[in-house]
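Notes for the one structure printed next.
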Amino acid sequence: MAASVAWGGVNAGFLLRAARGAWWSRPGGFWGSGEAAAPAIARKFRATGSRPAGEEEAGGPERPGDVVNVVFVDRSGQRIPVSGRVGDNVLHLAQRHGLDLEGACEASLACSTCHVYVSEDHLDLLPPPDEREDDMLDMAPLLQENSRLGCQIVLTPELEGAEFTLPKITRNFYVDGHVPKPH
């Protein structure tokens, strides 16, 4: 019962049997050298990849229901419609579309540079901010009742049509002058 390396690679059981000098075909029987040996341990090898939370794959959403259309309003007042996926956070979505939402702490809840205003119609659809987000929002300039940190807003189907307005200014208390590169 040996497993193969993903995609037709080397059979792990074959390598183990060869190393031990026994060629087990099934439990209770063997081929090969004629020496008695313990059955080889079967291990599975898999090739896996990772996708950081909130990052869109090149192929786009798998199903149309995964798409959430939102609008960003930049500092000049220009409305910029964008499409994201369920599970994306607003900070990474804005950065992927070239919007000026800084995110100096790279979504670690250590700054307020991804501060946005959420449209009133959609604000109540978000879970309330936790204590750490509230602490960071306290340092955000131009704080309003509908202020939230973009890194903490995760897109859901209910946020279809939501507007996220960028405040006129932000303050980077994290590292003076540090501007991270989007992932």
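Using the three backbone atoms N, Cα and C, a Cβ is placed for every residue, glycine included.
Listed in Swiss-Prot for this protein:
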- 1-52: transit peptide (TRANSIT)
- 68-170: domain '2Fe-2S ferredoxin-type' (DOMAIN)
- CYS105, CYS111, CYS114, CYS151: [2Fe-2S] cluster binding site (BINDING)
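Comparing the binding-site residues CYS105, CYS111, CYS151 on other C-beta atoms within 10 angstroms of each C-beta gives the minimum for CYS105.
Per DSSP, the domain '2Fe-2S ferredoxin-type' (68-170) is made up of 24 helix, 25 strand, 54 coil.
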